[in-house]
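Enquirer: Okay, these came from TrEMBL:
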- 43-67: transmembrane segment (TRANSMEM)
- 59-309: domain 'G-protein coupled receptors family 1 profile' (DOMAIN)
- 79-105: transmembrane segment (TRANSMEM)
- 111-138: transmembrane segment (TRANSMEM)
- 158-181: transmembrane segment (TRANSMEM)
- 214-242: transmembrane segment (TRANSMEM)
- 254-277: transmembrane segment (TRANSMEM)
- 289-309: transmembrane segment (TRANSMEM)
Amino acid sequence: MSHWEVSKLPLSTTTNFYYAIFNRSNFMTFTLMGIPGLESQHLWLSLPFFSMFLAILINNGAILFMVAREPTLHTPNHLLLALLMVADLISTLALLPKLLCLFWFNDRDIAVNACFTQMFFIHGTSVVRSALLVAMAFDRFVAVCEPLRYNTVLSHSVVGRLGLMALAKGVILILPMPLLLQRLTFCHMVIPHTYCDHMAVVKLACDDTRPNRIYGLFVILLVVGLDLVLIGFSYGLILQAVIRFNSRDAISKALNTCSAHLFVILITYVPALFSSLTHRLGHNIPPQVHILLANLYLLLPSMFNPIIYGMKTKDIQVKVAKCLCRRHS
């Protein structure tokens, strides 16, 4: 449509026409509210978030450094753990720097492309993390049920393929989310959240958002539902094998082998499911509670995973003790 033809249109139609063109341009920016109702407390809230940021960077970085440096830790279990640490670091770096800028400097604006990129990395790493937990459940199954074939079944090439499959799953499932959002026209520009959450952005659109909502639900059901089924299946086979053990020591050793992974599963899925249920069913729960839960379910696994594996994995404990002894001497 030419500029002369546009000028013939009624004023309201002309305004909407130009608004639609602007709305789909790369100059559009969203505004992040942070935590609605707690804006005056943002500076104080930044303290626990900054503490978590430091803890995640230091603890995950330390585990990655040890696994990379020590050849004795180049086992399938530790390599999968290192991949999980990488996913946790990427998720944290996608979320917390912008959140802290918002809390400290009131930097609320985020360009549309930056918003969609943040969304991709936050949700994508959540999918990758879940896929890696499935791979780690398979690793525990082989360790308990086929210990003599462990290094044969889970060679370095197999671990590499499992990591690539987890990455591919995250990219394939999450990439359509920002692509579907790009077709929408947005009536509102203020996101009542601390980051570009998919559903928070979808709610700003004027257009029909059923495809976005349906696809978002499909991803949740596929990731959480299918991955939990596969993890449950692996542990069902492990439980079958453990029941057949006659030795109490063998049973204790098998359970200890799986304990760290089970704790990580709980810390990953329980906050995520709780946040999802309160978001959909807890209509009387204040919005700030929803947003705090949405942040915690992303950050708690990243913060506690290295602590859990550090406490429950003897090889890592030994390497940490050696490093501390060297520094002390």
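Cβ coordinates come from backbone N, Cα and C, glycine included.
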Enquirer: For the transmembrane segment (158-181), what are the same-chain contacts with Cβ under 8 Å, counting residues 6+ beyond its ends?
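Expert: Tertiary neighbours of the transmembrane segment (158-181) are 76, 79-80, 83, 116-117, 119-120, 123-128, 131-132, 135, 138, 198, 201-202, 205, 211-212, 215-216, 219, 222-223.
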Enquirer: Hey, which bits of the same chain come close to the transmembrane segment (111-138), Cβ under 8 Å, at least six residues off its ends?
Expert: 26, 28-30, 77, 80-81, 83-84, 87-88, 90-91, 94-95, 98, 162-163, 165-167, 169-171, 173-175, 177-178, 181-182, 191, 195-198, 201, 219, 223-224, 227, 230-231, 234-235, 261, 264-265, 268, 272, 298, 301
Enquirer: Quick test of the contact rule: Cβ under 8 Å, at least six residues beyond the ends. What residues does that give for the transmembrane segment (254-277)?
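Expert: Contacts of the transmembrane segment (254-277) (Cβ under 8 Å, skipping residues fewer than 6 from its ends): 84, 126, 129-130, 133, 136-137, 140, 143-144, 220, 224, 228, 231, 235, 238, 241-242, 245, 290, 293-294, 296-297, 300-301, 304-305, 308-309, 311-313.
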Enquirer: List, by number or range, the same-chain residues at least 6 past the transmembrane segment (214-242) whose CB is under 8 A from its CB atoms?
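Expert: Result: 123, 126-127, 130-131, 133-134, 137-138, 140-141, 144-145, 173-174, 176-177, 180, 198-199, 202, 251, 254-255, 258, 262, 265, 269, 272-273, 276.
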